[in-house]
Amino acid sequence: MPHASAFLEVIPAIDLLQGRAVRLYQGDYAQAEQVAADPVQQAEIWATQGAPRLHVVDLDGAKSGDPVNLPIIADIVRKLAIPVQVGGGIRSLERARQLLDLGVERVIVGTVAVEDPALLEAMTQALPGRIWVGIDARQGQVATRGWLSTTPLAATELVQRVQAQGAAGIIYTDIGRDGTLAGPNLEQLRQILAVSRLPVIASGGIGSLTDLLALLSLPGLAGAILGKALYSGAISLPEALRAVGPGRWQDLPPETGSRWA
């Protein structure tokens, strides 16, 4: 039986909409709230605070089907020394290559995985290890096209399908929890982890260190993406890293750990 994760990769999110960094509530574009006027500057702040990686979503691209915020993404990648993963509107091999050529480490596809499995397989074969699948679900059912369309496909079924097609990993977002700070959907995550042989990163609803510690207890979970929790001040990135990241509090000898008190 798998053991609880030794640590989680804590990944700040930057969601791009019309050139700004925003947060949505349950995926609702009408409820977009600006969290930073300058996304590049915000990315640099997260990197300075110790982020091991950055998660960037092109919300305009997710709706339109074509990456819209490429100049901003290119600027973020150029100025950061940490790896950047990008999703939103990547529905062709050409677009995936374009992002990787900019220096993006991982490309995250969602709609393609549901609507064009053959294209997903072509992408994973052409770009091995670089294509991750974003599985976004409402009550366990997969949503696509920037969360604007819900399908009858079960998230667990899609996990099994994409790992057979060569995906490198999965980012699972519970749309009903997204932006709520109400806590992650642990039961759904357990179901995802039970069928996945791939690394899984959780997103949606994380609002406290207690939530992060609950995620840490899930066997096989690789990481957690934080958005609103960081921007609202509910969690600070340094304390999240100390709580569940590599070298977390529990891994320190008592005399060293006391320095963080």
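Cβ coordinates are placed from backbone N, Cα and C, and glycine is handled just like the others.
In the three-state DSSP scheme, Asp15 (active site, proton acceptor) falls into the strand class. The annotation active site, proton acceptor is assigned in Swiss-Prot to Asp15.
Within 10 Å of the C-beta of Asp136 (active site, proton donor) there are 25 other C-beta atoms, taking all protein chains into account. According to Swiss-Prot, the feature active site, proton donor maps to Asp136, an assignment based on sequence analysis.
In this structure, the CA atom of Asp15 (active site, proton acceptor) is 15 Å away from the CA atom of Asp136 (active site, proton donor).
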